[in-house]
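What TrEMBL lists as compositional bias 'Polar residues' is 1-20. According to TrEMBL, the region 'Disordered' annotation covers 1-97. The compositional bias 'Basic and acidic residues' annotation in TrEMBL covers 47-56. Under the heading Zn(2+) binding site, TrEMBL lists CYS143, ASP145, HIS196, CYS199.
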Amino acid sequence: MGCGASTQAAQSNPSAVPTTESKEDSPRQVQPVVPPLKIQNISKAGWSKEGEDTARESIGSRTPRRGGTQQQERRNSIEMSGRSFVRPATPELEGGTPDDVLEELLNGNLRFITGETQHPHQDFRRLQQIAPKQKPIAAILACADSRVPPEIVFDQGFGDIFVCRIAGNIATAEEIASLEYAVLDLGVKLIMVVGHTSCGAVKAALSGKAFPGFIDTLVDHLDVAVTRAQSRNATSYEELVGMHAALRKQGADGHPDPKLIELVIQENVKYQIDRCKRSTIILEAMMKKKLKVVGSVYNLETGEVEML
């Protein structure tokens, strides 16, 4: 049957006309890799079992694998108090306290690890809104590791957080200057130093090896954290020196103690906080209760941010 005959048959018998358009005629539909999450299942009273089931069916469970974590306790507390971890309106956050901002970041991380991310402020409208001026609610000093993107980890969007990233989350003079700008000109109410498990910069510092280029300069910044971690268990200076030598040998052999690595990661976060507090701008804002400086460690396996 010719092409003209096919057309006549289709016109005389409407039921013969295909109900769907051909691939050539229809526009290409790009399907999302992950189905949209049903955020509405989070009631105003807090986390709901229905919402949890929906999230797990949509993208799989992101609940931390370890029991008794900070975020698990936080979720239970929110549920019992009748509060919600849905992101508040931006004006409400901008007018809130440093503790309000901290709560939103932790709630954002809770949304992230439970699969209830809201992906706020990630559209073109938000870009136009903040183009004239930025007003982030917090400043983050984080590692440059590609597995630790703060905007995703804390479920934030364009213009929500002022992020400084450097290997080892080190508070260099330049990083502190950026944080001072965030406090003085942008009015952030929270600075959070975020370390992470299995940090490569920390492992490098423990190795005792020499590195090419400027890498050595960066690794040297972590020596204080290494010494702090060792001094926790040392009873004398001589013992501390001996521990340091033994640790360097372990690192050089490629077998640093995993527990000590995590301890150095925590001590490094605390040390970088101390460095930030040497800034008169940051310290003055803290004394006026306009700013809070906190530290945390992000777990690469669970996605959870644990406060120190």
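Backbone N, Cα and C define each Cβ position, glycine as well.
Where the annotation comes from TrEMBL, it is an automatic prediction and has not been curated.
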Non-site residues, in chain order, whose CB comes within 8 A of the mean position of the CB atoms of CYS143, ASP145, HIS196, CYS199 at Zn(2+): ALA142, ALA144, ARG147, VAL148, ALA167, GLY168, ASN169, GLY195, THR197, SER198, GLY200, ALA201, TYR298, LEU300
Listed in sequence order, residues with CB under 8 A of HIS196 (Zn(2+) binding site) and six or more positions away: ALA142, CYS143, ASP145, ARG147, VAL148, ILE265, VAL297, TYR298, ASN299, LEU300
